[in-house]
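Here's what TrEMBL has on this protein:
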{"type": "DOMAIN", "residues": "B:31-415", "note": "domain 'Cytochrome oxidase subunit I profile'"}
{"type": "TRANSMEM", "residues": "B:31-54", "note": "transmembrane segment"}
{"type": "TRANSMEM", "residues": "B:74-93", "note": "transmembrane segment"}
{"type": "TRANSMEM", "residues": "B:105-127", "note": "transmembrane segment"}
{"type": "TRANSMEM", "residues": "B:153-175", "note": "transmembrane segment"}
{"type": "TRANSMEM", "residues": "B:182-201", "note": "transmembrane segment"}
{"type": "TRANSMEM", "residues": "B:213-239", "note": "transmembrane segment"}
{"type": "TRANSMEM", "residues": "B:251-274", "note": "transmembrane segment"}
{"type": "TRANSMEM", "residues": "B:280-307", "note": "transmembrane segment"}
{"type": "TRANSMEM", "residues": "B:319-340", "note": "transmembrane segment"}
{"type": "TRANSMEM", "residues": "B:360-380", "note": "transmembrane segment"}
{"type": "TRANSMEM", "residues": "B:401-425", "note": "transmembrane segment"}
{"type": "TRANSMEM", "residues": "B:445-469", "note": "transmembrane segment"}
Amino acid sequence: MSASFTKSTARNIFYGGSVFFFLIFLGLTVDTTLAVPSHNAKAQLTDAAVRGKKIWETRNCAGCHTLLGEGAFFAPELGNVYVRRGPEFIKGWMKAMPTNVPGRRQMPQFNLNDAQLDDLVAFLKYSSQINTNNWPPNIEG
Amino acid sequence: MSNATVAALPASKATVNDQIKYRSQAVAKPYFVAAIGLFIGQILFGLIIGLQYFKGDFLFPAIPFGTARMVHTNLLIVWLLFGFMGAGYFLIPEECERELYSPKLAIITFWVFLVAGALTILGYLGLPYNVLAHLTGNDLLPTMGRGYLEQPLITKVGIVLVALSFLFNLSMTLLSGRKTSISIVMMLGLWGLAIFFLFSFVNPNNLVLDKYFWWWVVHLWVEGVWELIMGAMLAFVLVKVTGVDREIIEKWLYLIIAMTLITGIIGTGHHYFWIGTPGYWQLLGSVFSALEPVPFFMMTVFAFNMVKRRRREHPNQAATLWALGTGVMSFLGAGVWGFLGTLSVVNYYTHGTQLTAAHGHMAFYGAYAMVVLTMISYTMPLLRGREANSAAAQKLEKTAFWVMTLAIVGITLSLTAAAVTQVSLQRLSAAPLSFMETQQHIMPMYWARFGFGLCFFTGLMMYVTSFFVTGKRES
């Protein structure tokens, strides 16, 4: 770097650039926050879905699964599982775990009651209604 | 320092260590020891989950995958935080040319953080997660169950208190000391770390907004303020081992972190493609995150340039190797592997696949694990009363460097091969396979990854052993 490019020039670029782009980011965040409801007009965040989200979180579902592509990569994507498998399959699956097939990846039994299973399904239904800009590429997630 | 604070220092320091300029820098030592201990734990749990990928019922139901993964990732964060804190306690007094404001507070903070961290891990392993959540106040303010932020509410509050104690201590030291660019950048990074962690308490019911602000912790940490900490630590060690004029090094530092935040803040948008956010993020996120490799490339050029222009031959060659290594590996892991999946047209197919895991492993190791190891490599001999370790110890440390680094390359390539298979069979195929069917085709790559994981663990054991190798000192 040339001698005319001094440390204080570099420092000014750092402070100026950081503040400038952070302010733009804040502006975009306000815009996104305001746009999320209309962008996701089909997503029904019901009371049951809110309760289901708590179940999702407190069973550490994201420790194995992805939800809209985020989480862990050990088990299937669940953002669209409501569409892929349907509510009854999901509930039946949860009740049947673990499979105990030797060598096969195992999912714990969470002992959810029927009301909790309904809430969890409501949350997964809500997740599947989020406008993900057509992600994933196909139903397999 | 008051008598009370002197008394708080370890008794062995009564014999004067003339290698450290300020006695209170010695508080860094327990932080680094704890960091390495937790690092070992992180890798052991990494081996468990690596094995579970192909032997699915291993340790089930005692330690299910989700639990072991949570321990793996949380130990990673905690050991890096211990490393950053140790680095702060060593670097800030040295740069500020004065003793730490309160060494006693630093030692208390250390034990609080270690005990809280250990209890949290025991809670993960010993209790069902929902029971842990219930017992620790998650019903009052639900924050748990989101990646990297799985800690119970009381642990999160504890982290904030520990961070405040740490930042108070260092800020008081800085305020009444010499203010260098390195110390100011370090403090900006550490304050940023604490401030963005506060978003871990933000968990809206709306899943889109939950995910949106989750990234304010995760992305703005690792692709934002942590790079300031990394840059400051690297600059500090390069000043020491190369003897290059501080003005030049600090100019580079500002330029690197300027590029980091100019690209990385809006670059957060590469996480906002498919989570229910407006479509404009696809353009913004692609463009800005495509530029995120630039600061990492500058980091590499910076490290090599400074070492090339060195004005002294520092006897601690291992530290120099780590400094060069973190430059290269952070560019490859965070820069190149980050770029592979960052454009929205590519990310549409790679999002949520093993490519993320491949990138994550090399980036975390190359940028953050290695920069902490750089700092430990430079400071630990000083903290133990010598300018550098013996030739034999350095030789083992350098071998460990190569074993661990090549093992990470192996892990990354295995996972990249896994990602290619996964994307082609599950995402691109005209007749896509299900997730689990696809996994069956990836088994050889998971075996390879586990093998490289064992290599990594071997390298780590060599690294730990290097601390116990004596032998003739290099003059």
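Cβ coordinates come from backbone N, Cα and C, glycine included.
Using a Cβ-Cβ cut-off under 8 Å and counting only residues 6 or more beyond its ends in the same chain, the transmembrane segment (B:182-201) has close neighbours at 84, 87-88, 91-92, 95-96, 141, 143, 149, 151, 156, 159-160, 163-164, 166-167, 170-171, 174, 213-214, 216-217, 220-221, 224-233, 235-236, 239, 246, 249-250, 253-254, 257. At the 8 Å Cβ cutoff, the transmembrane segment (B:445-469) and the transmembrane segment (B:31-54) share at least 3 close pairs (sequence separation 6 or more) and count as touching. If you look at the transmembrane segment (B:31-54), the same-chain residues 6 or more away from its ends with a CB under 8 A from one of its CBs are 60, 63, 65, 68-69, 71-72, 75-76, 78-80, 82-83, 85-86, 89, 110, 114, 117, 121, 369, 372, 376, 379-380, 383, 443, 446-447, 449-450, 453-454, 456-457, 460, 463-464.
Mean pLDDT for the domain 'Cytochrome oxidase subunit I profile' (B:31-415) in the predicted structure: 98. Under the criterion of 3 or more C-beta pairs below 8 Å, with sequence separation of 6 or more, the transmembrane segment (B:213-239) and the transmembrane segment (B:319-340) qualify as touching. Long-range contacts of the transmembrane segment (B:401-425) within its own chain (CB-CB distance under 8 A, at least 6 residues past either end) are made by residues 318, 321-322, 325, 329, 333, 337, 340, 349-350, 353-355, 357-359, 361-362, 365-366, 370, 432-433, 437-438, 441-442, 445-446, 448-449, 451-453, 455-456, 458-460, 462-463.
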